[in-house]
Structure formats: structure tokens, C-alpha cells
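Peer 1: Pasting a structure here, questions to come.
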């Protein structure tokens, strides 16, 4: 212990306090060194941020030594005030956890202080922190453990939960609308318009339900034998009657029309409707309808002759219930809850029931609108009530691995009650928000049932006893618990690809549920770092047990697989997916060189040349020509002027080939005679006139250009004959004679060639034979 000795001040000098440092006991020092050496050898050094006396005590009992982190100065502005303005992932707070400090044992604390000083330069292998960003997971070794996963905001934030649950259809055959109230981001324009449509459609169904319940009463709840007969909550309040004012029945017709159009859209019947028959309600008509709806539901103004619409309203509501699983919770007041995504612990949450007020509130905050932080969610207007008081359920679950996904569900939970009786005619947070951080600022209302505790909490065992008194004890295990487990698993499946699956990490979460009148659980949100403050007698018993059982799962079970896990039970474990082994980057490009494409094979023996050919030497050896573009009017006129009208002609090519297979070199192709008779050029534009001529031979030929073949050097199409060869090899010299006849449209051109040439002349042209 530090001893402060006060010395009487001398004259003219101020008083000075002298501090005597305590003497270190040798036995205590040796004990500390022994424990520290063993902990360092076994890698059992931990660090805890915040009080958490249960975590510290549990780790010390297992032989761990704490390396204490520097404590923040309370004289400085608290860091969490800034952080919680930018995140809504958890509901834990250092201020709530201050009450966790247990009575100190001075002797033990001195030993722990000494051991902490001895390991001040050692590496902690276990981190337990309140906030995720207190430890950089990327800089941790693979054997270092921490109680947070990186990038878990995909389901622990209001925006992330709203977005990821929409992808549930890709992971499970389930509809998120069956366990999560429909939710929209008002910062996204498409979702904002979807919310407006949803609000208007809900107003229509609420109006029909109002008409039905006003004249028939809420007999459906009595038929179902519900725990609490919430008979027309929207009609309980005594409202001022406006006997002189009446609303026309056209408002009911509009509501029926909107509901029918919605049903048609689900059946895709609206696709066949023409634009002329499309009777979409205009914005002005919607404005008038909502004003009438507010007057009827909120002000109590009667609808003239609405009793004649009871059967139609009942029939339409039955059809809507089949396609809208949340219709039983919607009620008649059309209340929505607005949550600013940058705050947690119930701060900034408001309940509203008018569309213009909600849009005006969101549009006024441009910063939050820019980041899409505002979230609007349908309020559950008809929850299960205990003694006419609203409550929600806090349920813990633990994730120890994301690949494969491993989920542990805690067997016990607790209920948080409101301090005020439930009513939909007041939108005060003390009635509709059950967060302990909000309700602790209010005193229980004298109108609330005295059967409820003043600390506004029940354990799950107390709730089961209340259900048993109503004859519904079996529904806890048959409906409530399976529904909560299913909602947790399906939510984690949608976020699995977004979270970094670090093997040595784990995280404890707190899920908030509400129960419908049929005891079906509805997921509200999931909190990271749930508060462990012993604020009431219920949490003083449950929170330490949850922390101790968490250490059993994440530490004791690693060394002993069959160890007791306390209140945690394994509810889900995926099949393991093998991660490909990383062997480094080895980039290799394989392929072949690109070959030069071959020239296309020309099957036609006669081609047209639309442009004049040059007399240069290049054109003398060129036998290929471009296609004729005689389809153009200007070119056809030129052809008519250049060529007079001539009768139909034909071209006959008499070809002779001489082959000597016994010799080393084959003889060249010779053309004994060629006779060209060209037809009228005007008939080129009418190919059907030439159909009476002989068809061109379909015999395949292999074309190869030769310099000695005839070419018509004219400014008009020419004739080209290429490499005519026999089909089979000849055993001796044979003379082959072929005649090809084709139609042309030019004057007669006659070319004479010798039928045979002497061997000497042929040899001279071929040059000397190669040896």
C-alpha cells in the first residue's frame, strides 16, 4: 500500500506530500516470476479492454497472465462518444460496465500488478475488447485470439442487415419477410420509392381492416385463442366525434382497387393491360386518399355507408393475407420506425405514422441521406403483450468459425419490458422502445400492471411460467426457440461471404426479437459486443454465466473436445470447404503463333472488272478482279453508253492438254484456240434472261494462275481460266480436249493459238532442265 506522510510546512514554504513506494516481498516476486515464466512458455498472456471482471477471473483461473492496456483518462473526452456516432454495431458501453467492478482483494491485485509489469513486453495471445477497431486483425499472428471478426457490419448494422437479408433466396429456400419486418434505406432513391408504395398500400389494407373491425370486432383473435386479446388497439382511445363530417365511400373503393392491382401484379396480370386501360392513381389522388385515411383512423371520422362493404373488405383481406406474411402485425395505424444508421442503443429512433413527416425528416439531413444511413422499418403494431405491456427478447449466440460456419445458441435469454402500458396512439419512445438504456430513465407508470417487476426484466423461465398459466407452455420449444434459431442461421448465411473468416477469432452477439400474437419471433437487430452490465437481478445472474461459458467454448474445448460448454449448444455447423493452397504466383502464357490466313478459293472461272485496268506490268500478271457493281444507276448508264445493243452471244473456250507422265517435268498448259463471243451488256442487269443458256459445270476445279492464259485487257470484265488438270493419273501420253461455255456481255474477241507446239520450242521457253 502506498503511504502518504504529511510533513508540517516550514514557515514561508508550501506543504509537500512525500510518497513512500511499497517494498516488494521476495516470496511474492518469486511466485510472480514462476507464474509469468509458465504463462510465457504456454503462450498464455492476455489483454482486456474495459472492466469485464468475469473474463479476467476466468482467464486467471486457467493460468493466464494479463498484460494490462493503458486506461483512458476520464478527464479527457471519452472516445466512445465519437465512435458511437459513426457505428451502430453494438449496445455495450463502458459506462454501463463500470458497475461490474467487484470487491478488490488488495493482496491478489498487488500480485497481478506485479505479473502484468513482468509481461509488459510480451505478446498477448488473447484479446477481449469492447470495440472491433481496438485491435487490427491484419497484424495479428495466426495463434493470437480476439473476440471480434473483421467486416461483420454486414449483419450487425441496420443498413447491412437490411441489405443482406434480401439475398436470402440464394442461400436458403426461405422468405425474409416471414421473420424480419420489411425495411428500406431512405438514402437510396429506388428504395425510397419502394417505401412510398409500401406505405400507401399498407394504408389501404389498414383502412379495410379498420372498417371490418369497427363493425365486426376483433373476433379473429378470440378464435385463435391468443394470449392477449388486443381488441382494436386503434379504437381504444376515446376520440372526439365529428358528427357533422363524413367521408365518402369512394375512399374504400380506392383501397379495394389498389389491393386488387397489387394482387394482379403478383400474378403478372398487369402485363396484358394496355396503356389506355391502365388506371393508375395519380399523385394528387394519393394525397387526397391519405388525408381521408388520416381523418378516419387517427381522428375517428366515420365513413358514410361503410357497412355495405364488409363482405368485400373481408374477402380482399383474406387474399392479401395469403401474399403478405406480415399483415397480422401491420395493424391499422400504419406506424413506421425510423432508425438513424449512425447511432446505437436506441438513440435517435423515432416512431411516425405520416408519410410527409418521415420524408421531411430524412430530406432535411443531407449528410445522412448522402451516406444512405437512414433506415425505415415497419413497426409491429400488434405484438404479444404481457399484462398490456410491450417487451422484447435478448438472445445470445456465439460464432466460433465462418468456414465452416459454426453457431452456438445460448439456452437462456431475458425479456425487457417497457415502463408504460402499450398504446398505438402515442409515439413516445418510453412506450415503444424496450432498450434498457432508454427505459432506465423512466419510472414505471402507475397504470402498468403491478405483476411486472420494477426493474422491467424477466428471465425466460419466468416467461415460460406465464405461458404455462395460459396453457401455452409447449409453444416455447415448438415455436419460439426454433424460430429464433432459424432466423439467426439464415441471417448469418447471407453475411458469410462478407465476413473475414479468421480461424483464431470468435464473437459473441446479442439478437433482439419481438414475438407476434401467435408467438412467432421477429428479428429486430443483431448487436456486436452486447452489454454485460449487471443492471438488474436478471442480468447479474445471466451475464457472468454467458461470459464464463464463452471461455469454455473458445478455450477449454480447444484442448478437450468433450468438455462441458455450459449453456451454449451447437445448433449449426456447415460442411467444411477446402481452401486452395497458396503456392505463390506463377504466371505463364501459352499459345501458338498466328498464321497468315490463306487466300479464299475462287470457284468461278469468269469474273467481272468494273474499273478499267491499267496497262502497267502489275496488271499483266494479275488475274484476280473485283466484283462488278453494276447495280448502281450511274455505272449502268455508263455501260449502256459504252456498249451498243448487241444480240446475245456466248463464249466458247477450246482447251487442249498434253501430259507426259514418264518425263521428269510436266508440260505446260496450251490453249489451241479460244473463241469469245460476248452478249449484250444490258442483259447483265437481268440474269433471268440468261436462264436458257447452258448451266455452268459443277465439276470441281483447282485453280492456279498461269501467265500464259488469255486475259481480256479491256476496261470491262475479263475472262480467266485457271489450271485445268485431269482427274486421274495417266499411264501414257494422252490428249485431253475440253470445252467450257459461259455467257458474257461484250463484243467478240477471237484468239488463235497453235494446237501443238514442238518440243524444242517448249523446251526453250522452259529453260534448261535441272540436273
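Think of each number as a place in line: the chain as shown, counted from 1.
Glycine residues also receive a Cβ, built from the backbone N, Cα and C atoms like all the rest.
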Peer 1: For which of the residue intervals 33-69, 70-106 does Swiss-Prot record region 'Disordered'?
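Peer 2: In Swiss-Prot, the region 'Disordered' feature sits at 70-106.
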Peer 1: Of the ranges 650-681, 682-713, which one does Swiss-Prot flag as region 'Disordered'?
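Peer 2: The listed stretch tagged region 'Disordered' in Swiss-Prot is 682-713.
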Peer 1: How big is the Cα-to-Cα gap, in Å, between residue 527 (Mg(2+) 2 binding site) and residue 437 (L-glutamate binding site)?
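Peer 2: Roughly 14 Å, rounded to the nearest whole number.
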Peer 1: If you count other CB atoms within 10 A of each CB, which of 437, 527 wins among these binding-site residues?
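Peer 2: Going through 437, 527 one by one, the largest Cβ count within 10 Å is at 527.
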Peer 1: Quick one: Cα separation, residue 525 (Mg(2+) 2 binding site) versus residue 437 (L-glutamate binding site), in Å?
Peer 2: 16
Peer 1: Tell me, by DSSP, whether residue 527 (Mg(2+) 2 binding site) is helix, strand or coil?
Peer 2: strand
Peer 1: Suppose we draw a 10 Å sphere around the Cβ of residue 525 (Mg(2+) 2 binding site). How many other Cβ atoms does it contain, all chains included?
Peer 2: 22
Peer 1: Using DSSP and collapsing to three states, where does residue 437 (L-glutamate binding site) fall: helix, strand or coil?
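Peer 2: Helix, per DSSP.
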Peer 1: For the domain 'TTL' (220-566), what's the mean pLDDT in this predicted model?
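Peer 2: The predicted confidence over the domain 'TTL' (220-566), as a mean pLDDT, is 87.
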